[in-house]
């Protein structure tokens, strides 16, 4: 535990005391070393948890998400270099400090043993994210996006605090490792149903559930590249992780209360996928595709089967890497043509063939081409939902079809077609960008060879 937390905190002096010309290389190499040190977390020989102290532990559910969090920091630093090129050094260092603070909070959130501690850290991740969006976003609408982000997530989270205090008083402890030992079955009553709603709503907003998703496209579109990456790859997964932990405690109630949410997810999944087909803004399209993928994860968790938990974990990791890669590609387009409109970037394949290859790989992963882990996750979710109701297979099949359509639409619109007249003297693709894309795609390829390390505690 400490051999991850202490080097992460040591990134602060590395950032502030580094020579200005060496700041990027120092922080990137240091954070990459931390992510490689964290690989030991993925090894769970007996499927038990690693208990680091009374307050922190890791198990097969949190370990892949921890690894994803640590892997993302060097990638965010690499992706942000162009965005911060004209900023003064103090602001560059402040930006990096925000990213490091966010990483520290996220690592501690995924490792928290007590649910109250988990809640405090879960809320603490809002502050650096909000500062990143509202201070370093590209347009003035970033303030509006920050307000949406803050109020949606805070309003959803307040009932969770009340519910956790109530559970603490009735059970005596909220320690995740021992809670199953004295867990009493909750009575079937209105108060229990309200308790379930209060507990689950914070995570539904964070995921986000269709209907509570309005903050997500705004936050994604207005955030700088690192904000978009961490939001899509890790912060949405906090919702899924929390939902898995909390539904285990509220066990029998979930089975009766989940019906309206399952229907809303299955409906919203198709709606948001259809919205993607109508998008002209590249970042907005990727944001709506995140809502669609997360709806699948909510379905898998609420059905409450071991296969569902496996599918949800696999899909969360796969989506984290894929959507982060798509945001990086959208950002590299934006850096060259200074517009997020897809039609403005058409025909780029002739000028930047290697970038077009990355676009192809990212789009194919997004539409869950075999044998990617995206497909493994989607198949497990499909099997789970089919065991719950046969009709869901039609809806999920339709969603897969629309996902394939908008992924290919995005690829063809941005890469194929006739080159626009003002796109002739573009910068070539940089080694930094190619390294960034390969560091997204390599974990996806390696996980295809051995997916069991990310299939969670029920494998």
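Every residue number used here counts from 1 along the chain in the order it is shown.
For all residues, glycine too, the Cβ spot is worked out from N, Cα and C.
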The annotated transmembrane segment range in Swiss-Prot, which must be one of 173-193, 257-277: 257-277
Among ranges 370-390, 391-411, whichever one Swiss-Prot labels transmembrane segment: 391-411
Within-chain partners of the transmembrane segment (194-214) [C-beta distance under 8 Å, separation at least 6 from its ends]: 122, 148, 152-153, 155-157, 159-160, 162-164, 166-167, 186, 235-236, 238-240, 242-243, 246-247, 249-250, 253-254, 257, 261, 264-265, 267-269, 271-272, 291, 294-295, 297-298
Recorded stretch, among 22-42, 60-80, 308-330, 342-362, maximising Cβ pairs under 8 Å relative to the transmembrane segment (224-244): 60-80
Most Cβ pairs under 8 Å with the transmembrane segment (94-112), selected from 60-80, 284-303, 308-330, 342-362, 391-411: 60-80
